[in-house]
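Pulled from TrEMBL:
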- 39: active site, proton donor (ACT_SITE)
- 32-39, 150-153, 179, 187-190: ATP binding site (BINDING)
- 63: beta-alanine binding site (BINDING)
- 63, 156: (R)-pantoate binding site (BINDING)
Ligand code: PAF
């Protein structure tokens, strides 16, 4: 059976108030829809950890820095509800736009500092303000105890964790493993926009990342590894590689070697679609 879809905040609050009175815990899986196996793994994690689970679907205009990207973003609400049916989700919150941004809305949540100053920050101006603002609202609207995010958007996960901590929102943010296609391609709603032949090429991103990470962990210096990866991606048919960075997993500071817990993070364009991915880089034995 498909879960009830609520579109108004008052209806959502009436439900969550009942659950709270019964002493039940609430898990939240925020999404922009076009659900795939990655989202469904978050739902499974939420079901295991909480008595009640809310999935939200809201294509948040404030986090798009490109009007065409917003217009093209896949919207598949009926299919999404069908995909969620076997998971026993308690409700799907698909807020009408005025439930998030009512007339005269004027507040912005902005996470500053080093975690937003790099990678997605400069390449997508305003993106993280949009994410932090909508996620803060969803945390407050749902009053969830735990929220589940994919590690695929590693920087986003850091931003929402910091935002909740800085604003004292009583919620635990949980990062879950990236789910991948057999080819290694990270699952993403944007993959739906890739033509069939580009899907095969897209796997080159993760392959280049795994190769560079393995060599960095074996002690090879980063700069030539990055250059070789950029070359491999160009040969595989990728366009601009916006970043292909080795960074500290906790601060996102750039690293020359994985001398402490590290992450390799990349963003690259393929056939007009921007793909991002990240993987853990095993620490160099010093
Ligand atoms: O990762 C996403 O789908 C979105 O950025 C999120 C967290 C649902 C906020 O709109």
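Quick reminder: no glycine exception, Cβ is built from N, Cα and C everywhere.
Counted within 10 Å of its Cβ, the other Cβ atoms near residue 38 (ATP binding site) come to 20, all protein chains included. Proximity of the recorded positions (32, 35, 38, 39, 179, 189) to ligand 1: a Cβ under 6 Å from the molecule is found for 32. Summarising the environment of residue 32 (ATP binding site), the number of other Cβ atoms within 10 Å of its Cβ, over all protein chains shown, is 18.
Contacts of residue 35 (ATP binding site) defined by a Cβ separation under 8 A and a same-chain sequence distance of 6+ are given as 76, 79, 80, 83, 84, 189, in order along the sequence. For residue 39 (active site, proton donor), the binding-site residues whose C-alpha atoms fall inside a 10 Å radius of its own C-alpha are 179, out of 63, 151, 156, 179. Between the CA atoms of residue 38 (ATP binding site) and the residue listed as 'beta-alanine binding site' there is a gap of 20 Å, rounded to the nearest whole number.
DSSP gives residue 38 (ATP binding site) a helix state. According to its DSSP assignment, residue 189 (ATP binding site) is helical. Cα of residue 179 (ATP binding site) to Cα of residue 156 ((R)-pantoate binding site): a span of 16 Å.
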